[in-house]
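Asker: Sending over a structure as structure tokens; questions will come in a sec.
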Amino acid sequence: MHLVSSLLVVGAAFQAVLGLPDPLHEKRHSDIIKRSVDSYIQTETPIAQKNLLCNIGASGCRASGAASGVVVASPSKSSPDYWYTWTRDAALVTKLIVDEFTNDYNTTLQNTIQAYAAAQAKLQGVSNPSGSLSNGAGLGEPKFMVDLQQFTGAWGRPQRDGPPLRAIALIGYGKWLVSNGYADTAKSIIWPIVKNDLAYTAQYWNNTGFDLWEEVNSSSFFTIAASHRALVEGSAFAKSVGSSCSACDAIAPQILCFQQSFWSNSGYIISNFVNYRSGKDINSVLTSIHNFDPAAGCDVNTFQPCSDRALANHKVVVDSMRFWGVNSGRTAGKAAAVGRYAEDVYYNGNPWYLATLAAAEQLYDAVYVWKKQGSITVTSTSLAFFKDLVPSVSTGTYSSSSSTYTAIINAVTTYADGFVDIVAQYTPSDGSLAEQFDKDSGAPLSATHLTWSYASFLSAAARRAGIVPPSWGAASANSLPGSCSASTVAGSYATATATSFPANLTPASTTVTPPTQTGCAADHEVLVTFNEKVTTSYGQTVKVVGSIAALGNWAPASGVTLSAKQYSSSNPLWSTTIALPQGTSFKYKYVVVNSDGSVKWENDPDRSYAVGTDCASTATLDDTWR
């Protein structure tokens, strides 16, 4: 026995010298981490669930004064003041609630979702510094007072992720309603709210705005990806309630095409197009988990969590933040505390609970898909990620019967658990989750009881348990057009007035077949393209105005601006596309707006047009200035 023990010690010493992994040590380490995370999740889950609901008005224990259905970012009212409702945060939190509800029916969660829907219907109509509902611009306002009044202070506005994220959250509940026999309720209450947000997304997706961290006015990977998903899922949802979204179908492929431009040849996602940051940002990891579709495999174009690009990016983002004190000794391949981005200076730049949990969640998503498909593919793009965890791995596809497959599954799962274990280490004894924890001491920092932190924990815990959200249709919406186009569609907007849900919306006892739509929907919209040839000078713009709200009710300030992207001296073409309900009759004219704001109208008479009722999806008006 003594001799055998000595040989084992010598063998271990040789492994240490040669840098080879010790399988027994690795298994002990993973078992310890797993038990630690198991215990933390068991303890933290009821705390997180309770504290999340506490931040939702009007009955939440920390939401006194907030309107019904309002998701408060944090009860913190000073240093920092987060006593507001952000459209983005509220949507992400509600999406978590919807996912929990659809997985396990719960009347408390259902009431919370319905109150949220009613609050958002009202909020869409609140005019604010970003604009109003008349042309959709007001939907891009990032935050409001907790009593649903506008916030008029200086802020990074607009932020264009709010509308698509809200649409995604509400579509989740709408799909549950349809699948349980309540399509009429989904159409009368959920669809009008969602329709406004989809119209905003199709109209404004190509305009820059502030990103989810509210600091950079640029195109954002997170916003673009959310916009694509919303239009894809929105089109399918529209059909399920007997409606349609022509703008969704026309614009979604162009957004996905643009999304590919965020991938850097250096092997990571550039989260924002600015020249004063590296672009290595948890923004991209959050994108991957919030656009996770368990039926899409490891699709590259939608940057699914197990795609080679998403995994390569995960490594780069995590590695970029290993310099913090709390990450001392946490070398590549070991879980680390993660923040927003390495250059962050907010509160001097620190790890965030939600960011560290997002790093774990992406890996849990990947493991789920690998197990489902029974194989793992390692490419040259993702090789560095895998080598950190399984040094002997090489490019290739490994089936579930191979030892390499098993080694990867075990290593990635342990790696994911490591991120949760870090969160556990820096969670106070009462289970409260703030926004950040100090990069050196690990002490909680910034806003207390951050609602998004609790949602992030619950989401990561669910994925670890193999509980995943329904598919959003990524597998059938991942094809890229031959060339990218920055096309947009101006939308029509209307206040969602129906906000009272029927009682007893319980799960169906039998499978419900959604209604089959014949012909086109009664509210079918046609994409009407206005082409106007007019010679203009630098600084001038062209608008179309007319007798309907979508054309500004004859007010030039509210008219629709045409694009000059096809303009040339030989073909002075200005153009725009507007989604208009079939059968709509209207009069219209074009105006030239000078740089000083003065307006020149074209000559009489008024032009007139009636949108067809033949279920066509497009129509074109070719006009010349007169």
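Easy rule for this one: first residue shown is 1, then count along the chain.
Here the Cβ of each residue, glycine as well, is placed from N, Cα and C on the backbone.
What Swiss-Prot records for this protein is below:
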- Asp211: active site, proton acceptor (ACT_SITE)
- Glu214: active site, proton donor (ACT_SITE)
- Trp155: substrate binding site (BINDING)
- 520-626: domain 'CBM20' (DOMAIN)
- Asn106: N-linked glycosylation site (CARBOHYD)
- Asn206: N-linked glycosylation site (CARBOHYD)
- Asn217: N-linked glycosylation site (CARBOHYD)
- 1-19: signal peptide (SIGNAL)
Asker: What's the most sparsely packed of the active-site residues Asp211, Glu214, counting other C-beta atoms within 10 A?
Answerer: Glu214
Asker: Among the recorded positions Asn106, Asn206, Glu214, Asn217, which ones place their C-alpha within 10 angstroms of the C-alpha of Trp155 (substrate binding site)?
Answerer: Glu214
Asker: Could you break down the residues of the domain 'CBM20' (520-626) into DSSP helix, strand and coil, giving a count for each?
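Answerer: Output for the domain 'CBM20' (520-626) reads 9 helix, 50 strand, 48 coil.
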Asker: As a test of the contact definition, list every same-chain residue at least 6 positions from Asn206 (N-linked glycosylation site) whose Cβ is closer than 8 Å to its Cβ.
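Answerer: Expected: Phe258, Ala486, Thr488.
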Asker: If H, G and I count as helix, E and B as strand, and all else as coil, what does DSSP give for Asn106 (N-linked glycosylation site)?
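Answerer: The three-state answer is coil.
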Asker: Just name the winner among Asn106, Asn217 (the glycosylation sites) by count of other CB atoms within 10 A of its CB.
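Answerer: Sorting the candidates by Cβ neighbours within 10 Å, the top entry is Asn217.
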Asker: At the Cα level, what's the spacing in Å between the residue listed as 'active site, proton donor' and Asn106 (N-linked glycosylation site), rounded?
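Answerer: If we compare the Cα positions of the residue listed as 'active site, proton donor' and Asn106 (N-linked glycosylation site), the gap is 34 Å.
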Asker: Does DSSP give Glu214 (active site, proton donor) helix, strand or coil?
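Answerer: Its secondary structure by DSSP: coil.
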Asker: Cα-Cα, whole number of Å: Asp211 (active site, proton acceptor) versus Asn217 (N-linked glycosylation site)?
Answerer: 7
Asker: Test of understanding: give the count of other CB atoms lying within 10 angstroms of the CB of the residue listed as 'substrate binding site'.
Answerer: 16
